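As written in TrEMBL, here are the features:
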| type | residues | note |
| --- | --- | --- |
| DOMAIN | 71-133 | domain 'TRAM' |
| BINDING | Q329, Y367, E388, D438 | S-adenosyl-L-methionine binding site |
| ACT_SITE | C465 | active site |
| ACT_SITE | C465 | active site, nucleophile |
Amino acid sequence: MSLLLIRRLIMSLRPRKDSTPSRAKKRPRIDKRRAIEPYSHDDVLWHDVRALLGNDTVHSAEQHATDWDAPFQFREELEVVVDRLSSNGNALALAPPPRSNWVIVAPFALPGERIRVRVYRGARLHSFADLLDVLNPNPDLRDDSRVQCKYFGQCSGCQYQMISYEKQLEIKRNVVVKAYQNFSSLPFSAVPTVLPTMGSPKQYNYRTKITPHFEAPPKKARADPPSTSSKPDWLKIGFNEIGKKTVIDIEECPIATPVLNQALETSGPTKNGVSLLLRDSLDPSIPIDLTNHTPDDPTQHICVTDHKATVRERVGDTYFEFPGHAFFQNNNSILVPLTNYVRDAIFPSAATSTDDNASPTHLVDAYCGSGLFSILLSSHFHTVAGIELATDAIRSATANAQLNRLPPDRCTFLAGDASDIFSTVSHFPREKTAVIIDPPRKGCDTRFLEQLLEFGAGTVVYVSCNVHTQARDVGMIVKRSEESGVGGPLEQGMQERARKKYVLESLRGFDLFPQTAHVESVAVLRLVSLEEDMTN
């Protein structure tokens, strides 16, 4: 790293003379007992904690107002036996008697293991702890020889490297099951058996985007710029340490693609922000040959670090270009299986349908982004419309359709109005239309779901990076369609449509992030008549 770069970094992080008041105000005290945000990481954990303790124990603690009275001191050490894994990947254990009405949450441990931990923070009926030692490993689950990262156990990025991949997929299926039990408000009979999790073709070197962090220099370093060109001791570029806000200096991440690791090893900080952008991209300067179906040449991959620069990805034989800051799935290896699954879910199989007219002819890709589903599935529909609120995403998707030489009348992208998102496709035949939803982690808002029910597509496929908000939204779709029927005002044959409702036909997890606790989920909803549902 050059001396000039280090000096620029230090200068950029110095506060301006007029930016800080002479007497800084004290920070307001944070109320640790503030309400948990629904469907958040903490809310998901709380449901797991409650399940382990049991409703009677939780209710008793609430009645006696002891649910926040942690029975452990800061940095107190103790031994516990892990009972289960939370949906977030942490180990959960009951505290030893006589304090067994409390849960210990610790990382990197597995069910059945006796572990030694050190408590560092209390919460409602549970305390967080650092893992000090695994005293009695679970030989059926743990195999530390599988671990491929020397920072595993310190870095917060991965949770499951010591577990076989088959077991990881089982664990993630259970996360989907629990999500619908805890957050969908649907009866057991309304949720189909969750299918086995679809594995990733790559379990390492799959991640095409990483955002390493770096810390600001200490005060002494700001006051005394270094006199050598070597990297200063305080400068660490990597990822957060588990349970802390400090950054671990990491020169290689085994789940990232090779081109990203090459860039990570040589990266220096920027003066803007406290994180870097590293994206794996095909070289955009090389002309695209749509007739060439051979695998990508690794030498044509580059690392894009500019948020405004063009990133190019190839999914199967289809190409996508988008700005560096834009969203695009970060595991390219599973995108063909994922989109193929969505395609097969939309169309009724020959074994279950004798009516050729039942197949959808139109596709609406809500939250279309750069056009992944729209473009890859366009050949299976007469007409495809991608809808986005962000105009820059619409520009990228439109350019990608042209890049892949799709007929203009086959696939179009339209900027939607949040208050009337389906107005641009109001002429589509509703029951012959499939809708794909792929929202951000917060899921869909109520107004969007109301408009979806008013539109009344024959098939809805909900792809989600947060199965807990997906479960909430799917539960709302199913229950409101049962209560009020599907379709808008009583016109254009809506009297008939109002006697129909959505049923949840299938659920399946997809492992877009192997070695981590994260799971993607695909839910398929089908519009059926009330009479048809009663006979099933």
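Count begins at 1; order follows the chain as displayed.
Backbone N, Cα and C atoms are what each Cβ position is placed from, and that goes for glycine too.
Other Cβ atoms within 10 Å of the Cβ of the residue listed as 'active site' number 20 in total over all chains. For the pair D438 (S-adenosyl-L-methionine binding site) and the residue listed as 'active site', the C-alpha distance works out to 8 angstrom. A separation of roughly 18 Å, to the nearest angstrom, links the Cα atoms of E388 (S-adenosyl-L-methionine binding site) and C465 (active site). Taking the Cα atom of each, C465 (active site) and Q329 (S-adenosyl-L-methionine binding site) are about 10 angstrom apart.
Summary of the S-adenosyl-L-methionine site environment: with the site residues Q329, Y367, E388, D438 set aside, the chain residues having Cβ atoms within 8 Å of the Cβ mean position are F327, D365, A366, C368, G369, L372, F373, P439, V463.
Within its own chain, Q329 (S-adenosyl-L-methionine binding site) has L335, L338, L372, L512 as residues 6 or more apart in sequence whose C-beta sits under 8 angstroms from its own.
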